[in-house]
Structure formats: C-alpha cells, structure tokens
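J.: Please read through the structure below; I'll follow up with questions.
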Amino acid sequence: MYSSSNSFLGGVNNARPGQPPFMQQPPYSQFPQGQQQIPQQTGFQPQPAGYGPQSASHLQPQPTGFPTGQLQPQFTGFPGAAPQQQQQQLGGYQAPAQQPQFTGYPPQSQPPSLQVPSTTGLPTRLAPRTSSEIANSFSDGAGVAPPPPPKSSGSKIPNIRLSFITAQDQAKFEQLFKSAVGDSQTMDGEKAKELLLRSRLPGSELSKIWVLSDTTKSGQLFFPEFALAMYLCNLRITGRELPATLPDKIKNEVSSMVDIISFGVPDTEPQASARTNVPSFDAPLLENKSAPPAPQHPKPQQPSNAQFLSQLAAQPTGFGPQATGLQPNQPSLLGANAALAPQATGFPGQSQQQYLQPQPTGLMTNPQATGYNGPRPPLPPMPTGFGSNLSSMQTGGLVAQPTGIPGQWGFVNAPSSGLPNIEALKQQLMPQPGREGGFTTAGLSGNASIPWAITKEEKKIYDDLFRAWDGFHKGFIGGDTAIEIMGQSGLDRKDLERIWTLADPNNRGRLNMDEFAVAMHLIYRKLNGYPVPNRLPPELIPPSTRNLNDSIGAVKSLLSQDAENRKASGAFLQPQKTGVSYLKEHSFRGGARSPGFGRKDATLFKNNDEAAAGYRSSARRRMGNDARPSSPAASQASEEELSVEQLKKKIRETQIMLDAVDFNDENRAEEDEVLDRRDRLEAESLMDRTRRVQDDIDTHPNAAFRNLDNGAERRALRRQLQAFEDQVPQVASEVRRIEREIADAKLELFRLKDAKAHPNSAANIVGTGPGGTVTEADRIKARARARMQARAAELAGRPVPASVDDDGAAARRLEAESTSIRADREKNEAMTRDVEESVREFTRSLEDSLKEEGETSTREHERRRWEDALGVEDVIRDFIYDLQRGSRTAHVRKEEESRASEQRLRHEEPSAGVSRLSPAPSAGSAGSLPGSTHEDRVAAARERAQRRIAERMAAAGLKPHTDTSETLLQRQEREKREREERLRQAEEEDAKREQERQRRLAEEQRSTSNAPAKPVGKKPPPAPPSRRGRTDSAGQAEVKKAAEETVTAEQAAREQAIREEQQAQEEETNRLEMEAQQREEELLKEKEAQEARLRALEEQVRQGKIRKQEEKRRKEEAERLAKEKEAALAAQRAEIERAKERERQLQLELEGLDEESSSDDEGPANITPEDSTPTQSQLLPTVTPAAPVSAPESEQAGSPEDTSSQAPPVGFSSETESKNPYFKITHQAADTQVVSPPPAPQPNVTSPRADVHSTNPFHRLAQQESSKPVFTGSAPLERKSRARPEADDDWSAAGSEFDSSDDDDDERPGGGSAKQLASILFGTMAPPRPLSAMDDKSPSKSSTPVQDSPVTSLPVPEPNGSLSAPAAPPPPPPPPPPAAVPSYDSSVAPPPPPAPPMAPPMAPPAPPPGPPPPPGPPPPPAPPAAGGPPTPAGAPDRSALLASIQMGKGLRKVQTNDRSTSSSAGRVLD
C-alpha cells in the first residue's frame, strides 16, 4: 500500500536525486558521526530530541519512527501540499496548519551537571537557507553539487518610454548604458565623465549638464539620468542653449523612472525544477494576476540563530494519542527533572526490532537519532534541540515566520532586533489628556533598518492607534484629526503633505485603517532617516485598494466588452432581437461556465402561447402527502344522472356560446381593422405634414445653416485645417531663413559700400573668424599689407596713401550697421512670432467651432435612426430616403438661384461704379455661403480676396494683375455647364420621385378598393352564424395570404429598385466629390499663386510709398532750410533799413518838436489821417512781398474765426518776434490771461494757425521763422509791434527803467513821464503830414531793433484788413475781439491795403468806424488824450525819450497803456 512512498523520501527507489523531503531536520550533535549513527533499516534520519549527555541506564529507549514500507512521511509545512497522503494515516498524528512543534525541553536554567564541553566540529555556517536548500540537505550529497547561485540578470531598465528623446535614441542609450555599467544599476562618475567627454564640449558646459542630470545628487547616474545627460549634450551640440533648470515634465519623468529602478528588486527565484514531494506554495496564488514584487530591504540583515531556528517547522515524531509512562526498570535519578517520563511515540502493535528504531526522548545520556538513514546531506546539519553550544540561546523566543508572498502586508522579514522606537512613537501618538499643551519628539528619531512592507507588529500598533482615535467607530479618520496625529511626529509640513498625498490616493480627505497604516509607516521611515518616496511602492499599496482597483478594472473590462458586443451585433438599436442577456451576474470569472449560464431572464422573456394549457385537475393543490385525490363523487353522480334532453340542451348552449365567441372575435377584428385604418391615415397625414415642413425648411432663406452640422464636412474641414496648420511652421522657418539671408546680405553690402567710401579703412578687411568676424590676426595682416603698400608707393615715388580712417571708426560703423540690422531682424522676428501666435489662436478657435458638441450616445442613436434610417420599418425607411432626395434637389435648386443672384449682383456692381459699396454684395453672398457646398465657399472666398486685392492695388495706384490661367469667360462657361448638369440631375430625381409617388398612390388605391370587400364578405348577419362561416374565413385567410405574398413581392421589387437607385446615387456622389476635390485643389493652387503675387505687389507698393515719403521729406527739409535762410537774411536787411529810417525820422521829429508849437487838441484829430496816408504811400515800395503771402491768406480765410481776421497777423507777427520757445509759451499764456480786450484775440487766433501743420512747438516755430521773409519791409505795423509787447508786461519788466513807470501808468491813467513823452512825440508829428508819417514809421522801426519780426505781419492784414477790418468791429457782440480789431484798424487798418490805388478811398471811411466803439479807440490818439494836460513837461525829457525809443519796449508799453485807458480815449474822440 505504501510501497511507492519511499520514492519521495530519497530512498533506494528515489527517481529524483537532489530533492530531499520537505523540512526534514538533519541531526546535530557534538559527537562524531560514527557515534551518532546507529545502523538501522528504517527510512528516517536519526533525530536528537532532548538535552546533552546523560546516563544511558537511566532512561528506557523509546521506539519511534515509522516502517519503511507502510507509513507516509509527515508534512509540517504548508497544509495544502499533500492532503490525500495525510488522510491515509491510520489514526496518526495530524499536524495543524502553521503550528510550530517543539521537540525539546522548554527553556530553563541548566544545572552544571548538564554542561558539556563544546565541540570543535560544530559547523560555522549560520546563514539562512531557502526551503529548497533544506530539502536538498536530506538527499545524498555524493556527486550532487550544491545549486549554483542565481546569475545576475544585469541592469534592469524599465520598459518606460521617455518623451523628450526618440525611441531609437532611447534604445541606443540603453545599449550604451548596459555596456558601460554591466550588472550595476548606476553609472559611476568617472565612467560618465569618460562618455561625456567624447562629445568634445567645453568643461563648463559638461559641468552644467552633470548638475542638471544628477537629479539624485549621488555622484552616480541611473539610466534616465544618463539619457537626460545625452539629451542635453545633443542640445548643446546642435547650438541650442542649456536651460537653467529642467522643465517640470522632464524632471518628473526622470524622477519617476529613477524611483522605479530604486524600488525594484532583482528576481533571484531559482528556475523551476522537476516535481518533487516539496509542496508548492504558489499553487493557491496562481489566480492573483497582480502579485507585487518582492520587497526591497534597504539594509540587509545578518540572520541570527533565533531566526534560523524560527524558520524550521518542527515535525511530529510519532502519533499523538499513544501510551506513555515510566518503564519499571528505569531508576528515578533525574532529580528535579524526574517528572519527565519516557514516552512511546511509535506505532503500537509492531515489533520494535522489525520496524521501529529506538528513539529516546526526554533527558538521556546519548541522544539517539531517529529518521531516515539515507545519504548524507550536502549541507551542515541543523540543530533542533538545546545543544551545549547554544546554551545562551532562548528557544522560547521564536518569531512567527511568513508563509505568503514576500511584499504583502504582514508577511515581511522584520529586523532581528525588532522595530526600535515604535513603542515610543505609539505612546507619543496615542490620544492623551493635555496633549494640546505641547509635546516632545525626543526619542522618536533613529537609524534603524526598516523594510518597505509593513510588519504584523507594526500593523497591529497602527490599528490600535487608529481605533484609539476613531472613537465613534466611523471607519475613517478625518483630515483635522490626521493633522493632529501626524503633527505630533515632529516632521516638516512639506513631508507631512507628501505623506498625506501618498496615503490618500483617491483624494477623499480622510484615511481608513489601511491608509492610516501607510501614513504611519512612512512617518516611521522618515523618522529613521529614510526619504519620502515620490510614489507609493507596490509593497505599501493597501490590499483593500489593490483589490478594489482590480475589481473596478474587471467591471470596466466587462462593460467595455459588452458594449463592443452590442455595438458589433447592433443590439443597441434592436435590443430584443439580438439575444444578448442583460441579467446581472455576480461572478467576474464565471463566464460561460457559470451555473446561471444558458438560463433565460426577464430581459429575454417571451410568452409561449402555444404551451399554455387549460385547466388540469392534477394541477390543484394536493392535501398532505397523499396521492392525487379522485374526482368528486358528486360530479360523477350528476353526470351519470343527466338525461338525453339535458345533454342536448347543454350542446345547444355550448353551440350558442361558441357562436357568441365567434361573433365577438369578428367584432374585435373589425374594430382592430378600423383602428389600423385610422392609424394608417394618421401616419400618412403625419408624413404629408413632414413633407410639407421639409419643403418649407428647404425653401427657407436660412435653410443653408442647417447643413453646417454635417459630420463629413466637419471632418474634411478639420483635415484641411490640420494640413494648413502643419504648413505654418514650415512657412515660419522659411521666413526666418530669408530674414537671416537678408541680414547677411545687408551686412555684406554695407561692408562693400564702406570699403568703397573708405578705401584705406579697416572695414575692407576680410574676416576669417566664425561668422565672418574680423579677428586680431586679420587686423595685423591688414596693417602689414598697408605698410607694404606705403613702402612700395614711397619707393615708386607715388604719394603714400593716407589712412584717413582708423580701425575704431570702421568697427564702430560696422557695429552700428550690425545693430540696426539686428534690430530690424528682431522686429521682423517679433512680427513673425505674432503672426504664428495669431494663426495658432485662430486655429484653436476653428477647432473649437468644428468640434461636435453635445454628441451623446442617445443623440447618436436618434440621429442614425432618423437620418440614416437604421432600426426603423421599411415604410419609414422609404419615407426618410424620399425626404433626403427631396432635400438634395431643393438644395441644388437653391444653390443655383443663389449663384444666379450673386452673378447678377456682380454684374450690377461694376455698373454702379461705387467702389465703397462693394463689400455689401460680398456680405450678402457670404450670408448664403454656409448653406452652399464647400467648392462654392472656396470660390466665393477667392473672389472676395481678389476683390480686396484689386481695391488695395487701385488705392496704391497700381494696375491689378489679371489671372491668365483662366479667363472670366472660360470660368463662366465652366460654371454654366456645371450648373446645367446639377439642374439636370435634380430634374431626374424629381421625375423619379414623382413616379414613385404615383406608383405608391396607385397601390394605396388598389388596397383601399380591395379592403372594403373583406369585411363585407366576412361580416355575418346579426343572427348566430352557422359553422360554415369558419370555412369561409379560412378561404379568406388564404386570399389574404396570397395578397400579402403579392404585396411582399412588390415591396421586394421596390426595395431592389430603391437599392439600385441608392447605389447609383452613391456612385454619382463619389464622382462629384472627386471632381469637387480636384477643383478645390486647383482653387487652392490658384489662391496660393494669387497670394504670392499679392504679397509681391504689396511689397512693391510699400517700397514705392517709402521712397515717395523719403523724397517728399527731403524736399520739404530742403525747402524749409532755404526759407529759413532767406527769412533770416531778409529780416536782417529789413532791420537795418528800419533802424536807419527810424533814426532819420526821430531826428526830424526832434527838430519838429523845437519848431512846432501846436496845441495838444489838434494832435489827435490829425494823427489818424496822417498815419493812414503816409502808410499807404510807404507801402508802395514794399508791395513786392505780397505774392508769397497767398498761402497764409488762404489759411486765414479758411480759418473759422473770420470776424477777427486782422488779429491773426498781429499775433503772428508778435509770435515771430522772439525765437525762444519758452518765451513764446509764457507769452501765449500771459495773453490768454490778460483782461484787457486788445491782446485777447491775438493768442486765440494765432494758436489755430500755428496748429494747422503740426503740434510740435519746434516744428511750428520753424514754420513761423520760414515765413519771415514773406513779410519784410512793412512799415505800418510798427505800431502793432509797439502794441504787441503789452503781453510781456510781467515777463520783461527788467528791460528798462521806463517799464516800471509803464506798470505804474497801467494803474493810474494820465500819470507818468512816458505818456507825456509819447503825447509830445505824437503831437508834434501832426503838421508835416507826409513827412511825419514817413518818420513815424522809421522811428517805430528803430525803436524795436531787437524784435524785428513784427514786420512779417504786414502782408497778412493787407487783404483782410483793408476789406474786412472796418466792418469787423461793429457786428460782433462780444467787446474783446472788436475792441482789438478797431484799435488797430482805426489807425493802422486803413494804411495796409494790398494795392496802392485802393488805399486813398479806404482812408476816409476809417475814422467813422473809429467813433462807434468808444471802448477801443485807436492807439495813437489815446496817449495825447490821456496825457494831454502834462504835455508841456515833455520838452525837458528829450534825452529820456530818445533812450526809451532806443529801448523799444518802453515806447510799446506806452501804447499798450494807452489802449487800456479806453475811457479817456473815447472822450478825446468825442
């Protein structure tokens, strides 16, 4: 029965050498092998069980062990390995799963008598062994070499694609990295340096590359870091700059891959060997598809004896319930240990000499070995008892060992020394009263070796913490509580944030028990010096999360597969016809083998009417467990008692009931037919309404917009947009290349020009440096060449060429030109970037507009149903196809009408001749474009673009370029042919549709004509019909069936015709699409050519405009300079002449003062005619400058202020008096603030004239100076020049001592010597009228030698002053402007007429306008009136008068003060 079991125990018949029994313990003793081994024939190895050497006579040998041929070995490992063999033991001992068995004496202090000297033969190997090694230790070691250590698989690089390099480069880098590092995971610095130096980059660049690549700062490079270094080297080699910091995307990719490599554990599992009796621990785990890798221990542990012992599972050495007891011949000499009795652990009922090997247990002198007596194991024996050399070990402290997959929770090799500081951490984090007051983190930190996975003890501590804080048993801990717990660890806030992120992957804001354990474990690792990982390693993923993710993935896969199946079978359109079951199954792995497979559910239920049966008495409820009761006896008796008459009566009643049922059925059939006809009529009416609505939609003006949602067109437009978007970078790069070439050409052209302009300059040196730069060697060669040329010229007698230019000047010129070229290039580059950005934004907007928004599965289903006629009846399908054909026909017609109207508009547009209204037709046509086809829109866009180009070229004065590829007539002919073709197709479709409609109407009429006959022939009379009616109904049914067959045949024929028509339409549609695509390509080519020509023309226009502007600016500059020079010369000459005339006039006046004795009253009356006549006579020789005044006259005539036409010249002349811009600004400000009427209009009128050309003050001043020579030689404006400086009262008070007196005179009228002098001066000029008039102008000119510019105002008032000045004062109501005008016009306006003949007639009317405005009298009469009484005092002040006349300002001040005293002047005039 057990004959074959020995093959698994390594015996003689063992067919698997090298595979010992699982977990068998070899003997261990301090004695030689010869003394331990007792010859025996059993199949077990002797096994010590007990203490050291004792007296052999004290204990009775106890037989233990099993017979070789009848007993199976006992398994103490994983319980699921050999369950059948364990069940075959006859009442034997059953080892409980995972239950360690102790075969020695419990640990206690050992008396000295038991001490045994340690042997020297103790094996020194204490390293842990795997289960395979322990199993191999039981086999024969002769000729069987120990298994070789697993070969290193080399550096493992994760199969992760780096986005910043290509796949080919990554493969090359992987090969290079593996060849450089061998079996290591990292590349040391020296090897990396050797590889990086091959790039021949400078050391500074390689240093930057190393700093950026070594992300871990470890002095070594992982593969992703090495790939990053290669990528950066490639960047630098290609000429691009290195980034200061790595982009976040690259940094995250490199860090993630480094973490994956760091967390990875090499797979050291040996190869699968032949099947042995060793139980397979992986069998129950085969279904786990996502087993995590083995955990990586940061620091390897040196296993201890306790660990070694704990890895060995004890074996039962016999059957448990066996008789034990002391043998009668055993003396009690054990002392305190006398209670231990030898126990019989063998198989009772067998001869000890035959089957069992004696095995003493308890205290004995020589431990006897039991077990298999086979070949010696190749490994040292393992101790299983309390040996003398292990006296210091405590065998009681055995640690439970993992029996699952490494890396799972609670199954990790904990450190031998335990987890330090874990209890302190627990006490620190436990909820305590008064913890708010503060806490200390002392004693929490350390440097212990902590694995990635969570041990059982650690998990238990964390669970206790969780339960302690989860007082309400919610199953989770909130964020606030977690902050309080984790904050007591003393870690930084950033580390705690990262730990929380890792522990709460779903971002729920709370932690369950497993997630809390993960957080605490990470905190514990951080306190012991381990960094917080960037991502959670597989060992720390909670089982609940892992299982949930697997479940979710399985559900998703099931749903996706179900959706794919339904989509492929069309189940989502007709769910009841697919046979797909929608019953919810609770098993993810059941599939077709699940118990519920094949059974029908409610989603597929269909009632089987034929299976329905009538009443069965056997289906009644049975009473109790008895058999079916018999029918009631009463009914049997009643049936037996019925007579013949009663039976006949029952038959008649039954017949009546059957006839009534037939009648009801026929009535119901009629009602159903009526309802069917009504429904059919309603459906037809609905279809008619639908047709009418569709026709209204097709004929509506805005019907074109509904075609915008065409999916095919959207996709075509998206593809076209993508093609254009792909061309943008190419065009931009081409533009940049052309810009570089232009810049280089400009620089080279400048070098050539500079070399031609400066022959001996250093600019003609040809640079040999990078980029054509001139190096120092080039300069040295050029200087040497120049010296040689100079020597050659000296020897030849030629003059030595002098170097008029040095190296610095040439370099500066070249640098300036390079800077300007660079600036232009940067500006163009910025424009290019702006264009790219705008194109990108426009592309994004187009993409957003082309996206199919709101496209859900329900909407897709409905659209396919009603637009593609899927999942509907045949009648509805035909109706939908009919509507689509009608829509296409109407669309073609509308398109032709819109095109015809557009052509009419285009023909009418040029005839109208209005270029500005041209966009209106294009806007109108654009409104109808969305409804038209793609080709029409392209053609319309091309036409609009050509029209805009023609308008721009016409505006620029260029002749538009006509496209010679296709003339207008050819294009019109082609479009006409296409239009006729489309009309013909539309008419054919209309004819087909009409024929179909007529055929359908004829069929309906036939069906309606046949339909009434059926109910007439079938409807019976009201009386109960006979049974014959059933045969008639059967005949009618056959007729119906024949009619249905004919209808079906006709319908099949119609479907075939419709199908052929659809195929023909599809072929026609494909042909039209191909033609449209060809036309579109042709149009695109034409558009590109047109755009190229347009760009060239625009560039020519722009260059022409620039040249014209440059020429115009140069001409204006030359004219302005010439005018300025001419004006300056004319002003100087006029000033000299005025000074001479003024001086002569003053001399004559002084002589006249001595000779004249006229009264003061006569002076004012005679001054006005005296001033007017000589001024006119004086203007005769100076009329020559009147010609250039036409421009100012036209400007002044066009000014809005015509009423004060004479004020502008005054202001203009006053402004040209000073060339200081600050004085002009202050003077204008003072003029605007003066309250007196005369100066008010001057700045107001002057400022608009100055602003006509430019707002720049310097430009305006230049214009004023350029107009100076136009107004030279005007004598009568010298009084105006005296009146002008009154605005300078407060600014030029330091001019002379008379200015202060003038200021006083402003305050008190009639006082001051200046007024007296002026009255004396003007009074003495009365008798010699012509002479005094001429002298009056000369002294006035000489009195203003510095401010000569008032003369320039002369020509301007001549035309305006002679005609409009006298009429200007009376009309305007406001006093200030008229006051200013008559104040000048009464005395000065009559003198300056443009022509001498006009002056005498204009002189007499001048006094009449003077009296009406008393507030504004003429300035000359006013001083004598105000200073009339003190006139005699003027004689002694002649020297002061001359000084004031020479000063100029004082004399003008007098006149200004006289104007302010308008009341006295009015009295004098009266």
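For all residues, glycine too, the Cβ spot is worked out from N, Cα and C.
These figures come from a predicted structure and were not determined experimentally.
As annotated by Swiss-Prot, compositional bias 'Low complexity' applies to 25-48, 1181-1195 (among others). As annotated by Swiss-Prot, compositional bias 'Polar residues' applies to 129-139, 1169-1180, 1243-1269, 1457-1470 (among others). What Swiss-Prot records for 169-257 is domain 'EH 1'. The feature domain 'EF-hand 1' is assigned by Swiss-Prot to 201-236, with sequence analysis given as support. Swiss-Prot lists 458-547 with the feature domain 'EH 2'. Feature annotation from Swiss-Prot assigns domain 'EF-hand 2' to 491-526. Per Swiss-Prot, coiled coil is recorded for 633-758, 963-1159, and the stated evidence type is sequence analysis. As annotated by Swiss-Prot, compositional bias 'Basic and acidic residues' applies to 971-1006, 1052-1087, 1099-1127, 1134-1146, 1277-1286 (among others). Per Swiss-Prot, the feature compositional bias 'Pro residues' maps to 1367-1380 (among others). Marked as domain 'WH2' by Swiss-Prot on the basis of sequence analysis: 1437-1454.
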J.: Treating G and I as helix alongside H, and B as strand alongside E, what does DSSP give for the domain 'EF-hand 1' (201-236) in helix, strand and coil?
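T.: Going through the domain 'EF-hand 1' (201-236) residue by residue, I get 25 helix, 2 strand, 9 coil.
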J.: Looking at the domain 'EF-hand 1' (201-236) alone, can you tell me the average pLDDT?
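T.: Averaged over the domain 'EF-hand 1' (201-236), per-residue pLDDT gives 89.
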J.: What parts of the chain pack near the domain 'EF-hand 1' (201-236), using Cβ distances under 8 Å and only residues at least 6 beyond its ends?
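T.: For the domain 'EF-hand 1' (201-236), the sequence-distant neighbours (Cβ-Cβ under 8 Å, at least 6 residues beyond its ends) are 155, 157, 162, 164-165, 169-170, 173-174, 177, 185-189, 192-193, 242-243, 245-246, 250-251, 253-255, 257-258, 261-262.
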J.: By DSSP, how many residues in the domain 'EF-hand 2' (491-526) are helix, how many strand, and how many coil?
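T.: Counting residues per DSSP class in the domain 'EF-hand 2' (491-526), I get 25 helix, 2 strand, 9 coil.
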J.: Counting by DSSP secondary structure, give me helix, strand and coil numbers for the compositional bias 'Basic and acidic residues' (971-1006).
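T.: Taking each residue of the compositional bias 'Basic and acidic residues' (971-1006) in turn, the totals are 36 helix, 0 strand, 0 coil.
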J.: Kindly report the helix/strand/coil residue split of the compositional bias 'Basic and acidic residues' (1099-1127) according to DSSP, in that order.
T.: 29 helix, 0 strand, 0 coil
J.: Could you break down the residues of the compositional bias 'Basic and acidic residues' (1134-1146) into DSSP helix, strand and coil, giving a count for each?
T.: 13 helix, 0 strand, 0 coil
